[in-house]
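Notes follow once the structure below has been shown.
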Amino acid sequence: MASKGSGNGSRRPRRGRRSFPIKEDAHARELRAVTAQLNRLVALTAARMPTLDHPTFVSSRKCAKGYTYTSLDVRPTKTEKGHSFGQRLNLPVPVSEFPKKKVSCVQLRLNPSPTFDSTVWVTLRKLPLGYSLASESVFKLFTDGLSAVLMYQHVPNGIQRDNKIIYDLSPVGTEIGDMSEYAIIVYSKDDTLEDDEILIHVDVEHQRIPSATALPV
């Protein structure tokens with residue numbers, strides 16, 4: 001009887017030990033399920049983030065075959081009424097290290113701050129490197145008819161519907177090395193344009209370069 005009792009007692013720990021693998025398997029399955037869910041979320045998030053293959057802001061279309069785009073932000077500084085702000089386009093390294101790659105188009109998209117309550121004219125012009133971007137030199141660029149002008153004005157909801165303009169540069173054979181000759185000109189028409197009242201988002205669509213997969217967007 002004693003031996004039978006001791007035998008029963010000896011089996012209980014074994015039953016307990018046999019249950020550990022079951023608990024471990026359940027934990028492992030739960031961990032795998034959570035990991036798979038996280039991986040799906042990461043993949044979904046990555047798919048929605050801008051990449052070099054992501055549709056550009058250019059009319060919500062994808063880049064032309066063999067092309068990608070580089071984005072820049074231009075923030076006009078304080079500009080008095082009747083005066084202008086100018087800034088040349090300088091593409092970052094390593095894009096600028098491939099000056100012979102073709103540029104197909106440039107898009108300018110305006111994002112106003114909540115305090116913006118004026119009217120601005122914006123244009124993109126190719127100007128010699130020695131050309132002065134001072135106000136007295138550039139106003140005529142808005143009236144000579146040689147380049148399209150985006151006229152952007154304050155609206156009650158804060159964002160004008162037509163807030164972007166596209167410049168097709170492919171007919172003139174523009175290359176990356178030519179971009180420093182292009183300047184964004186902003187004319188403050190009705191009031192003083194304060195610092196950071198407006199942001200100009202610039203998308204430059206150009207041929208892919210060898211290290212394109214490593215470029216930030």
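Note: Cβ is positioned from N, Cα and C throughout, glycine not excepted.
Remember, predicted model here, so these are calculated numbers, not experimental data.
As given in Swiss-Prot:
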REGION    1-24  region 'Disordered'
MOD_RES   M1  N-acetylmethionine
COMPBIAS  11-20  compositional bias 'Basic residues'
DISULFID  C63-C105  disulfide bond
Other CB atoms, at most 10 A from the CB of C63 (disulfide bond): 21
Where C105 (disulfide bond) falls in three-state DSSP terms: strand
